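Asks: Below, the features straight out of TrEMBL:
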ACT_SITE  15  active site
ACT_SITE  181  active site
ACT_SITE  315  active site
BINDING   291, 304  Mg(2+) 1 binding site
BINDING   304, 306  Mg(2+) 2 binding site
DOMAIN    132-325  domain 'ATP-grasp'
């Protein structure tokens, strides 16, 4: 009997479209001779489609949008009705409600097996502020940063702006704490841009992170495994601009990966050490993408982790492991 794999995608977050692109690749690449593969679409309102068995034909993106019941209970019933002990869920949901531990908690409560990291790892890994606190405890190098929430900022805006200018300076980055794909991220060179970037970031989360810019390249590695961890080759994107925004990541047809990254072998080995330390610090399981900054002097700073990496045609994680021997 073939194992049933239920690929969940779409979802309520601002990364809905990214999830569709990832799911298209996952659904088309899963071996239908080895697994019974089911597509389960979740709307931006949170309703679920009836699981659809995918045969050997290649799916197109418009086919991913499927009919759902009007009521959440009815739509989820059809998904749960198909689940049995021979089933596993592959979440391909990016951002809040998908990779922040929410879905993982529901699946664990229902005793449904799933791919990837557990509730705590997903929640902490998704929250940039909390993950930075964990990495600091494990002495993994990071750039300087500050953080505050909506209430703190609204109580005394001038205080927080002055604090950022004094301790972080310009240029700097403003990020929602719980969002990926560079959504809501602002690059600031002066106070006016800082104020505007803070307002935009707060549209996506009630906590924001402000980081000092690191002049260098962004280098990415993937880690897979449980007891024994395996690190991919390091990769970087060939690009001219410093700020890698949403459009650069997912809409730039000229974007090309450089694998392996153009760094010394000693730097690569140190990246792998830090990547595995970050993975272990978060008690990772299955898979994780770890992003670093590397300066011209080959000084390394951990940028952030992704506990549910993208699987779009532009996503670095699957490209890295396709080019890494032995994986």
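Any Cβ shown, glycine's included, is placed from N, Cα and C.
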Asks: Under a three-state reduction of DSSP output, how is residue 306 (Mg(2+) 2 binding site) classified: helix, strand, or coil?
Replies: strand
Asks: Using the alpha carbons only, what distance in Å do you get between residue 291 (Mg(2+) 1 binding site) and residue 306 (Mg(2+) 2 binding site) once rounded?
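Replies: Rounded to a whole number, the Cα-Cα distance is 8 Å.
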Asks: Taking only the Cα atoms, work out how far residue 306 (Mg(2+) 2 binding site) lies from residue 315 (active site), in Å, as a whole number.
Replies: 12
Asks: Using a Cβ cut-off under 8 Å and a sequence separation of 6 or more, which residues in the same chain sit near residue 304 (Mg(2+) 1 binding site)?
Replies: 128, 131, 291
Asks: Same chain only, sequence gap of 6 or more: which residues have a CB within under 8 Å of the CB of residue 315 (active site)?
Replies: 22, 309
Asks: So which of the recorded positions is most packed in, judged by how many other Cβ atoms lie within 10 Å of its Cβ, out of 15, 291, 306?
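Replies: That would be 15, with the highest Cβ count within 10 Å.
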Asks: Can you tell me whether DSSP puts residue 291 (Mg(2+) 1 binding site) in helix, strand or coil?
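Replies: Assignment for residue 291 (Mg(2+) 1 binding site) reads strand.
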